[in-house]
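As written in Swiss-Prot, here are the features:
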TOPO_DOM  1-80  topological domain 'Cytoplasmic'
TRANSMEM  81-97  transmembrane segment
TOPO_DOM  98-123  topological domain 'Extracellular'
TRANSMEM  124-145  transmembrane segment
TOPO_DOM  146-154  topological domain 'Cytoplasmic'
TRANSMEM  155-171  transmembrane segment
TOPO_DOM  172-178  topological domain 'Extracellular'
TRANSMEM  179-200  transmembrane segment
TOPO_DOM  201-213  topological domain 'Cytoplasmic'
TRANSMEM  214-237  transmembrane segment
TOPO_DOM  238-248  topological domain 'Extracellular'
TRANSMEM  249-269  transmembrane segment
TOPO_DOM  270-317  topological domain 'Cytoplasmic'
TRANSMEM  318-342  transmembrane segment
TOPO_DOM  343-352  topological domain 'Extracellular'
TRANSMEM  353-377  transmembrane segment
TOPO_DOM  378-389  topological domain 'Cytoplasmic'
TRANSMEM  390-411  transmembrane segment
TOPO_DOM  412-417  topological domain 'Extracellular'
TRANSMEM  418-435  transmembrane segment
TOPO_DOM  436-453  topological domain 'Cytoplasmic'
TRANSMEM  454-472  transmembrane segment
TOPO_DOM  473-482  topological domain 'Extracellular'
TRANSMEM  483-504  transmembrane segment
TOPO_DOM  505-543  topological domain 'Cytoplasmic'
Amino acid sequence: MSADASTNSNASLDEKNLNITSEAEIKNEDVTAEPVLSTVLSPNGKIVYISDKVDEAMKLAEEAKEIEVTPEEDRKLRWKIDYCMFPLMCILYAVQFMDKISTSSAAVMGLRTDLKMHGDQYSWVTSAFYFGYLFMNLGPVQFIFQRTSHMSKMLAVFIVIWGMLLALHAAPTVKYPSFIVLRVLLGCAESVVTPCFTIITAQYWKTEEQFTRVSIWFGMNGLGSILINAIAYGVYIHQDSYAIKGWRTLFVITGVITIFIGILIFLWIPDDPSKARFLSKREKLMVVQRIRSNQQGFGNHEIKKYQIIEALKDVRTWLYFLFTVSSNIPNGGISSFMSILLNSDFGYSSKETLLMGLPTGAVELVGCPLFGILAVYAANKKIPFWKYKLSWAIFAAVLALIASCMLGFATNSKKARLAGAYLWYISPVSFICVLSNISANSSGYSKKWTVSSINLVAYAAANLAGPQTFIAKQAPKYHGAKVAMVVCYAVMIVLLSILLIVNLRENKRRDKIAAERGFPEETENLEFSDLTDFENPNFRYTL
């Protein structure tokens, strides 16, 4: 290549503000075979080619660019989205948790006796659910839901199916083997809710709003716990009035409720903001404008292999994975065995156990949203350390560690152990923070789905293993399970601290690079180009 050609090449690149000094650097990049709309320089110094396979929000981006949204309009739109989307989302999340832990209440209502369970067989009832959950998140969930343009409709179908499966738990012909099969299938059906909700949250709310929203809908697990204990108590005290056993009646009731909620989801929740019947044309454009700062849009229905590979190479993916394993081994055990602990370890009767389970849900229902609100307040006030959401996750993990120690080692005080059991229900705050991190910090639709799926594989595997820490021969104290909880929460604190440091350092590095590059001409609608967080120079990680 001649010197003149080299000079011309460099000049053309400088005109694009790419800060590339030689044509060789372009040749080192993998140029896509797809039509190239534009190029951008990633934070790692690589040229990124933007193809025509962009985010769904790009269809509205040009039109949205022309409108101006006042702070008052933005506030009203946010409240409208909250009002129209959130109640049904919260109810569904409460119902899915109610269904998931229904076996815990059924266990003290005669389930174990009627199905002739012995030894560790009850532990496998819970683990079976997570075998199905694990299988679906190994790939099927991502393939089905990323490829479809009707995400909420597909979600509704899965909800109705799991409602039917739950009602089938009550069939008089169900024995232990068939009950296990039903639990596996139920896990398959329920596995879709959390990843779908993570995507929906990113579609409608800004990154700074997402932690509070995830805290609220995930905190509805507490409402689900209250509902299942209340329904179970009502069934238990009137069980002589039914033609079938009380625990079978419980599954029929919860199954019918779930089917009804699935129908409502199908009729009301839109597939993405552009299809929301409760939003006017202008409001749909306003949604596009308000999520520009997220550096991501509604999603892309093509599965991009390079984004999957990037997700596998991202250290955050594996920090999420290890954290989720650590946080959900205790969760898998306590969710299934809390009623049994109250009954056998604390000495409450079956009737008292169902009542004593109510406060556990109240702690989670109030505590999780409260942490989300406090985190937003601290961020707005820029309070050192506490302005980071991950700081609140670390604090919640410390509380969970204290609660586990109280539950496991306060052997001389029943009240202290009971207080620890209740305080433990604040522990989901840490997991909520990680879910909101995945929603906000994993950019690129295929990458987001991949990271979410890997995280939920860890969730399923840990919840599958959790009940196995409750060894039958250690009943009623289950000392080994309590020690495992303490170890897991100690590991969680370390992992969350590492995640915070990694994101802080990367944001500082990107700020430094941006300052050195100056202010190049902005690539139009870059945030809706379906770029990953590794590719987008404007992306900063939520802390």
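Glycine is no exception: its Cβ is also placed from the backbone N, Cα and C atoms.
Within its own chain, the topological domain 'Extracellular' (172-178) has Cβ neighbours under 8 Å at 115-117, 121, 244, 248, counting only residues six or more beyond its boundaries.
Against the transmembrane segment (214-237), stretch 81-97 has more CB pairs under 8 A than any other of 81-97, 124-145, 155-171, 390-411. Residue counts for the topological domain 'Cytoplasmic' (201-213) under DSSP, split into helix (H, G, I), strand (E, B) and coil, are 11 helix, 0 strand, 2 coil. Spatially, the transmembrane segment (318-342) is adjacent to the transmembrane segment (353-377); three or more Cβ-Cβ distances between them are under 8 Å for residues at least 6 apart in sequence. Put simply, of 124-145, 249-269, 353-377, 390-411, 483-504, the stretch with the most CB pairs closer than 8 A to the transmembrane segment (454-472) is 124-145.
Within its own chain, the transmembrane segment (81-97) is flanked in space by residues 159, 190, 193, 197, 200, 204-205, 213, 216-218, 220-221, 223-225, 227, 254, 257-258, 261, 264-265, 268-269, 276, 278-279, 287, which lie at least six positions past its ends and keep a Cβ under 8 Å from the stretch.
Note: the stretches the transmembrane segment (353-377) and the transmembrane segment (124-145) are not in contact (fewer than 3 CB pairs below 8 A, sequence gap of 6 or more). Residue counts for the topological domain 'Cytoplasmic' (436-453) under DSSP (helix as H, G, I; strand as E, B; rest coil) come to 15 helix, 0 strand, 3 coil. Long-range Cβ contacts of the topological domain 'Cytoplasmic' (201-213) within its own chain (Cβ-Cβ under 8 Å, at least 6 residues beyond either end) map to 78, 81-82, 85-86, 272-273, 287, 290-291, 293-294, 296-299, 369, 372-373, 375-376, 379, 389, 432-433, 436, 439-440, 448, 542. Looking at which of 155-171, 179-200, 249-269, 390-411, 418-435 has the most CB pairs under 8 Å to the transmembrane segment (124-145), the answer is the stretch 179-200. Spatially, the transmembrane segment (249-269) is adjacent to the transmembrane segment (155-171); three or more Cβ-Cβ distances between them are under 8 Å for residues at least 6 apart in sequence. Within its own chain, the transmembrane segment (418-435) has Cβ neighbours under 8 Å at 194, 198, 211, 214-215, 218-219, 221-222, 320, 323-324, 327-328, 330-331, 334, 338, 341-342, 346, 359-361, 363-364, 367-368, 371-372, 389-390, 392-394, 396-397, 399-400, 402-408, 410, 455, 489, 492, 496, counting only residues six or more beyond its boundaries.
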